[in-house]
Each structure stands twice: as structure tokens, then as C-alpha cells.
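Presented below is the structure to which this report refers.
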Amino acid sequence: PRVCVVGSGPAGFYTAQHILKHHGGAQVDIYEKLPVPFGLVRFGVAPDHPEVKNVINAFTQTARSERCTYYGNVTVGRDVTVAELRQAYHAVVLSYGAEDNRVLGIPGENLSGVYSARAFVGWYNGLPENRDLKPDLSCETALILGHGNVALDIARILLSPLRLLRKTDITDGSLAALASSKVKRVWLVGRRGPLQVAFTIKELREMVNLPGARPVLNPADFTGLENAIKDAPRPRKRLTELMIKTALEKPGEKTMEVQEVVAQAAAPREWGLKFQRSPQEVLPTADGRRARGIRMALTRLEGSGDSAKAVPTGDMEELECGLVLSSIGYRSLPLDPVVPFDTQRGIIPNSSGRVEGVPGLYCSGWVKRGPTGVIITTMNDSFETAQSVLEDLRVGVLDVSASREGFGAVENILHSRGVRPVSFSDWEKIDAAEVARGKAAGKPREKIVDPQEMLQLIGH
């Protein structure tokens, strides 16, 4: 059987890995629109979380398997259509993730100084499409809308001491911009309360312990929560306890060295969590061009736990900030008119990864279940889709007796359209060049951010 996977992030690689492992004869081709593989592991995971990127080693093993081939620099839907792939392969799996972000839908969100988290993360992580973002970091106060791990990542990158960032694979350009940044205060704002935050304890603890940055949490936000979390699941309980402890601690109550206490109290930078506020408008400067603040509606919660809804109380509040980052979620886009797409939920309608009404077409990852969860969530989700493919092969839903040409057929199509794919060994040359450049600067790698430069490097 010839199987093709569209997208080389965790969803694509885990789907390929599972099929190769559990079917001794399957050939899997992975298509990626960028020259470089690994999706959000390369472009989403924070530069100061290198341990999370270790999955790249397993993906590399998969890509080097003789039954797996990687074709980078190929945009499915443009260079080759899904219909053409379906003619060339017995099964096609769409694992192309979430390439867009949810919009706030409020006045002023297009002012300069307002960025999506997706673009900002892409900028410091070297995603080619965001390399020219040039965010303005000349203000003292930044505001991040959202209480997820991505929001904490951004706050940490904005406030981290440069000596810590210099040792990471953060891009050269963003490091230079952060070196001259004036941002010293970051507010993380959410519509709901402390019991609904989406970030996890590991990320919060890292933020609380960030050198040179002081947490500012309002004790009043946590009144009565000890009782409310008595029967909460353990992760939620521990997370809330850490927030309460951080809110109530006076500098000096911590069991830390005297000089640490002094350093913490005099910390030049600070960050804090604000709850039950819903953005209504980004306020413009006098010339109408830039963001100078944000108007928020105060909310009250109806219901409890994860299903609590934020309802406006009618009260408003304005907060001054020159940088607004919207971290309210990623969004998948339709890839090709022949693929069904639920625009409401931003996913491909499917059952266990089988695309509804299109036999032989599958999906995995964020485009299958929505843009939530960590790499392990995507792994399990991709194994489920791979299992559906294997099952359909076993019971004959996928007719393997009809021979399919696989890449042979696609190669002719790409050639006729002037598209030259990038191989995995091409990527390994780019990888080696990045690592060498990084070594010279004392970093794990220096990412190349321009696709043209990548292609020149491999003689394309």
C-alpha cells in the first residue's frame, strides 16, 4: 500500500511512524510546504524548552526508514491537488495543522502594536512567513490576551534575562530586538477566573521562578478558592495552590537567601495575571495609528469549572499598554475545495480520523480535533488515525489490488508545474549548516529564516 501524509509536524510524523511500524509493506510519503520539516516542534515550541524538541530524533529515524520518503517545498492544494494525491495513493492523510489564528473581532485589532501570538511565536522561532514582523518593543507595558501555555511562553520570552536566551535557538533577529526591548511589565488577561486557566503547572512554576521578574497576583482574586478546589482533579488543584501561594507571598516570606529576597523585591521586571476581563476595543494613540491601551469589560462567571461562561457585568476598565498580543487560539484552514471542512469548528469532519464521505481520505492532529493539547495528545490522536488506515487496509476498504504509482505520478505533476521537492538529505544539509552557525555563536543552532537561502544552500 502507498500512503501519503500531508504535513511534517508531530501529527504527520506520528501517523507515518505508526503505519510503518504496524504494516511491514506500506510505503509512506510525507509532503511538507516548507523546505524544512517538524512543524510546531521547530516553529512552536519555545526556544528555552529544548527538551521538548527531542521528539525530532524519533521523527528523523522515521524519515530515514527505507519505506518513508520526505518531500519538502511542496504545497498541497497548489502544487498538487488532493484529488491528484488520491489518484496516486491508496490512502491520503491530512495532518497539516492550524495555519491561522482566531481573531478577536474587536475595533482596533489592526492597529500597529497588536500582534497574534501565532505571528509573534513564529517571529522568534524563525517561521519564514513571520521573519519580517518587526514587533515594536519600545513600550514598558505589554498585554497578552489569553491564559494558555503559549501566553506564558511569550511572557517568559519578553521578560527573560538575555543571558538565558542567548544559549537557545531563538533567531538572531529576535534576540537583537529583545536586547533593546523596553518592555518591563507583562499582564496576562483572561475572560474567566483562576479555576479556568488553561496553562499547566510546569509553565507557571517556570514563570514564578523567572530570574529578575516579580509575579504580581492580587490576593483578592483567590479568596475562597481553597474550598472550591478541595475535590478538583489533582493537576487543577496543584496549579491553583501555586497561584494562591504566589499571590499571598510577601517578598521575604520565601525560604530563600537574603540576596535573593532583595533581588526579587527590586526586580526590574514584573508580570501578573488579570481575570474576568474581556477585551472590547484596542485604543488608538492620538494619530490613530498605534495601540496605546485596551478597554475591557469586567465579567462575572455563570456556572463553574471548565464550562463556566464569562458574562459582561456592564463595568469597563482601561489599561495602558503599547503592545497587545492576542493568544486566544490557532485555527485550521480548508486546504482544497474537494475536502469537506467545518468552518464553525475549524476542523475536517471525521470519525476516528476517517474523513466523512470521502473513503481513502483521513486526517490527524489539530486539523482533525482542533488546536488543543500538547505533543503527547497529538501522538495518541495520530496513532488512532493510523489505526483506522491499518484497519481499512486489513478489511479491504482500501483496495490494494489496484496498483498506485505514488510519488512517480506526483513527480510528473510537480515537474510540469516547475516545482522541485526538497529531500530529507537536503534538509540534513540545511540542519548541519544551522548547527554550524549556531556553534560559532554558542547556540544549539542558528535557524535560517529565508526559504530562498535554504534552497540556495542545497543548490536548488
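Placement of Cβ uses the backbone N, Cα and C atoms for every residue, glycine included.
The domain 'FAD/NAD(P)-binding' annotation in TrEMBL covers 2-158. What TrEMBL records for Ala11, Glu32, Leu40, Val76, Trp366, Gly373, Val374, Ile375 is FAD binding site. Sequence annotations record features per position, and here TrEMBL assigns NADP(+) binding site to His147, Gly148, Asn149, Val150, Arg191, Arg192, Glu203, Gly373.
Feature map: TrEMBL annotations on the structure.
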residue : record               : Cβ neighbours (10 Å)
Ala11   : FAD binding site     : 31
Leu40   : FAD binding site     : 22
His147  : NADP(+) binding site : 24
Gly148  : NADP(+) binding site : 20
Val150  : NADP(+) binding site : 24
Arg191  : NADP(+) binding site : 23
Arg192  : NADP(+) binding site : 19
Glu203  : NADP(+) binding site : 20
Trp366  : FAD binding site     : 29
Val374  : FAD binding site     : 12
- line: Rounded Cα distance, in Å, between Gly148 (NADP(+) binding site) and Gly373 (FAD binding site) is 11
- request: Would you please pick out, from the binding-site residues Val76, Ile375, the one with the fewest other Cβ atoms within 10 Å of its Cβ?
  value: Ile375
Query: Nearest to Arg192 (NADP(+) binding site) in three-dimensional space, by Cα, is which of the binding-site residues Ala11, Val76, Trp366?
result: Trp366
- prompt: For Gly373 (FAD binding site), what residues in its own chain, 6 or more apart in sequence, show a Cβ-Cβ distance under 8 Å?
  reply: Asp381
Query: How many angstrom lie between the most widely spaced Cα atoms of the FAD binders Ala11, Glu32, Leu40, Val76, Trp366, Gly373, Val374, Ile375?
result: 25
Query: From the Cα of Arg191 (NADP(+) binding site) across to the Cα of Leu40 (FAD binding site), what is the distance in angstrom?
result: 26
- request: Restricting to the domain 'FAD/NAD(P)-binding' (2-158), report the mean pLDDT as a whole number.
  value: 97
Between Val374 (FAD binding site) and Asn149 (NADP(+) binding site), the C-alpha gap once rounded to whole angstrom: 10
